Amino acid sequence: MDWTKLAEKVIEGYVIREEEAKEILTVSDHEVLALVHGAYQIRRHFYGKKVKLNLIINAKSGLCPEDCGYCAQSIKAATKIDRYPLVSKQTIVEGAKEAKKNKIGTYCIVMSGRRPTNREVDAVIAAVEEIKRDVEPLKICACLGLVTEEQAFKLKAAGVDRFNHNINTSANHHPNITTTHCYEDRVNTIENVKKAGISPCSGVICGMGETDNDIIDMAFALKDLDADSIPVNFLHPVKGTKLENMDELTPIRCLKILSLFRFINPTKEIRIAGGREYHLRSLQNLGLFIANSIFIGDYLTTDGQDAKEDYQLIEDLGFEIEENPFETEGQQFTLYHS
């Protein structure tokens, strides 16, 4: 496959075929640099040298009733993590101020649990309203679980810019990962936030025993959902979870997966999310030639690397931090719907 020519076609609007998607995932390892170069052509065309930075606050941790096999916060998991209810408004606001100081573009308020109560939604709204008043131009992403259309409209009115709810895996593989909710529940939440005019963020976790066909299905499903931002997580197995012994990824495999998502979703924000440091390791720099977004700092229940290393990585690659991630000047597409 001539990845440069395929990238040029994608930039012009071509949607790759399933056979081409399979070739991306099965390309021989010695051709991976050529594949990455093709993916970089697409990334460079739509995003130039910009890198979007995101920061998570784990605003409510543990005690989740769901049985997701990857998750350390499930009550089914025998894990040693911090467990606490929704933190105070002041804690959320202070986190936002710290994010702005560190050139973070999007601040992600994340809660454990199946769905938020109306009281929890109101508490998040109070924090968001204060952040929007005092910490502009920071953008807010909420990740609160399954939400109703009514809750989505309330979050939009408060100033929430984006809502994250991952599909996590393919519809086919979903029952192997969790049994307490269905794939359609996740899709419905994304549709609810889209109706409210909130920018939809939805991604995946790779390395959970899925097949190549499952990964391809995920990438095309997110294209159909029109997710503005696609976080690609690589399973970081945690002792005590159902998938604690699942450790099947290599750095090269991760680069192929990232390339697939870039070729199928060329205009979208592709974020290297959880598991970046654990799986990409010394090839993190190559990952940023494909993706245009990362998390800074720690994840929900696993550690990230020191933020100074990420800033140095971006500088060494000749990339630039995009401090206002909701506006991309000079581009030929509209990144956000809201």
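Even glycines carry a Cβ here, placed using N, Cα and C.
Those TrEMBL annotations? Automatic predictions, nothing curated.
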Ask   = Do you know which of Cys68, Cys71, Cys141 TrEMBL groups with Cys108, Cys201, Arg271 in the [2Fe-2S] cluster site?
value = Cys141
List of residues, in chain order, with Cβ under 8 A from that of Cys141 ([2Fe-2S] cluster binding site) and at least 6 apart = Asn54, Thr106, Tyr107, Cys108, Ile109, Val160, Asp161, Arg162, Phe163, Asn164, Cys201
Task = Might you list, by sequence position, any residue in that chain lying six or more from Cys64 ([4Fe-4S] cluster binding site) with a Cβ less than 8 Å away from its Cβ?
result = Cys71, Gln73, Ser74, Ile75, Ser112, Gly113, Arg114
Query = In the structure shown, with every protein chain counted, which of the binding-site residues Cys68, Cys71, Cys108, Cys201 has the densest set of Cβ atoms within 10 angstroms of its Cβ?
reply = Cys201
